[in-house]
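Listed in TrEMBL for this protein:
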BINDING   LYS11, PHE12, GLY13, GLY14, THR184, ASP185, TYR190, ARG195, LYS220, VAL221  ATP binding site
BINDING   THR51, GLU85  substrate binding site
DOMAIN    279-362  domain 'ACT'
Amino acid sequence: MPRPNPRLVMKFGGTSVRDLARIRNAAEKVRAEVERGYDVAVVVSAMAGETNKLVGWVREASAGPEGGAAFYDAREYDAVVAAGEQVTSGLMALTLQQIGVPARSWQGWQAPLRTNAAHGAARIEAIDTDALDRKFEEGLHAVIAGFQGIGPDGRIATLGRGGSDTSAVAFAAALGAERCDIYTDVDGVYTTDPRMEPRARRLDRISYEEMLELASLGAKVLQTRSVELAMRYRVRLRVLSSFEEGPGTLVCDEDEIGEDSMESRVVSGVAFQRDEAKVTLLGVEDRPGVAAAIFGPLAEAGVNVDMIVQNISEDGRTDMTFSTSEDDLPKALKALETARETIGMREIVSDRDVAKVSVVGIGMRSHAGVAQKMFAALAREGVNIKVITTSEIKVSVLIDRKYLELAVRALHDAFGLHAA
Ligand code: ADP
Ligand code: ASP
Ligand code: MG
């Protein structure tokens, strides 16, 4: 039996497949890897802007002629939005064939990539690679529609926005690929979003832990769940540009980062989330069970609560503040109004003009004073901090949204992250 070829997953994001010329450019990169001896599974996103357009149609169709916010059926949302990736997978397979690379497209249900029942934000449960394995043996490379799979109800299920990254890592793990290359419109993972701070620096390597924090704190270069999966299955993940040559960034184990850079890097990056909202319940009765009375109804309403602070109490009453996304704010306020009697409070106040900024770094485990340095840098710029949370490798603060750019840049500078 001849030895099977090593495998590689190559994922192309929306801007990398925006039109036929870009698809051809991506296909050439695939051909280069095929010529190096790899069996390649290409994972594609929808053309840039396409998913937003499809989501817009779903909203409009669900709202009816009167417009306004509408409930929409998540199964039909999935049926519509998965169409973007169906188109690019077929076009990529055709383009590869045209340049002499034998390829076949696969939709999520065909592979199959099986998910749970959470339409719109489904989690991957299993990937059966038997059919793909057989096609590789026949010399046929695979083009897989990212972002989609098949739910237990036999219907298409999508993995949440940015989910093609997660498809790519999941296929890399299931196929035993040597590496998972994420091709995008930046040439790697930067110390912060280069659109926000032009002096941001590309990192050669970043640990899974730090990347996971950066992604979950707002750095959309990789979907959070893709990093979770890469960490769990030890998938070597590389982020690189579709348009420029370069080494990109390797997301890898902490001990592969190297002593020197670890020592000098207390903070590796600054992440931010622009569209946050803050809610304060004033004059809440300070008694056992009150937190449960507040956060129970919020959880039932599907509100994602992020930061929480409770003030010290005075005369048996206290204030409770939490943050959530601006999108979830109407749901949160409705749930709290409904539970008002059981909670027992004076007033609800909300603020939708806030943003969250975080500094992340594994060096924080061994270096004290990061939070202090962060607060001092923000104070110098006159930025008031509304809520603070910390974990082992990050410090996050909630601030007025209008100071977001200023805060990101000030922190990037204070922690010495600027490019030389
Ligand atoms: P794709 O369509 O290829 O999946 P995305 O738009 O989802 O691309 O992600 C790439 C974008 O992520 C970049 O254009 C950049 O603006 C943004 N980004 C945010 N934080 C970072 C970061 N720390 N490093 C690099 N890019 C980042
Ligand atoms: N096309 C999907 C989105 O825009 C998935 C992806 O690109 O990763 O969210
Ligand atoms: Mg993306």
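Each Cβ is built from the backbone N, Cα and C atoms, and glycine gets one as well.
Sequence features annotated in TrEMBL and their locations in the structure.
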{"residue": "LYS11", "record": "ATP binding site", "Cβ contacts under 8 Å, 6 or more apart": "VAL42, VAL43, VAL44, SER45, GLY146, SER164, ASP165, SER167, ALA168, CYS180, ASP181, ILE182, TYR183"}
{"residue": "GLY13", "record": "ATP binding site", "Cβ contacts under 8 Å, 6 or more apart": "SER45, SER164, ASP165, ILE182, TYR183, THR184, ASP185, SER242"}
{"residue": "THR51", "record": "substrate binding site", "Cβ contacts under 8 Å, 6 or more apart": "GLY14, SER45, VAL81, GLY84, PHE147, ARG161"}
{"residue": "GLU85", "record": "substrate binding site", "Cβ contacts under 8 Å, 6 or more apart": "VAL44, SER45, ALA46, ALA145, GLY146, PHE147, GLN148, SER164"}
{"residue": "TYR190", "record": "ATP binding site", "Cβ contacts under 8 Å, 6 or more apart": "ALA200, ARG201, ARG202, LEU203, VAL221, GLY269"}
{"residue": "LYS220", "record": "ATP binding site", "Cβ contacts under 8 Å, 6 or more apart": "GLY162"}
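When every Cα pair among LYS11, PHE12, GLY13, GLY14, THR184, ASP185, TYR190, ARG195, LYS220, VAL221 is compared, the largest distance found for this ATP site is 22 Å. Summarising the environment of THR184 (ATP binding site), the number of other Cβ atoms within 10 Å of its Cβ, over all protein chains shown, is 23. Reduced to three states, the DSSP call for THR184 (ATP binding site) is strand.
The binding-site residues near ligand 3, defined by a Cβ under 6 Å from one of its atoms, do not include any of LYS11, THR51, GLU85, THR184, TYR190. Confidence annotation: the domain 'ACT' (279-362) carries a mean pLDDT of 94 in the model.
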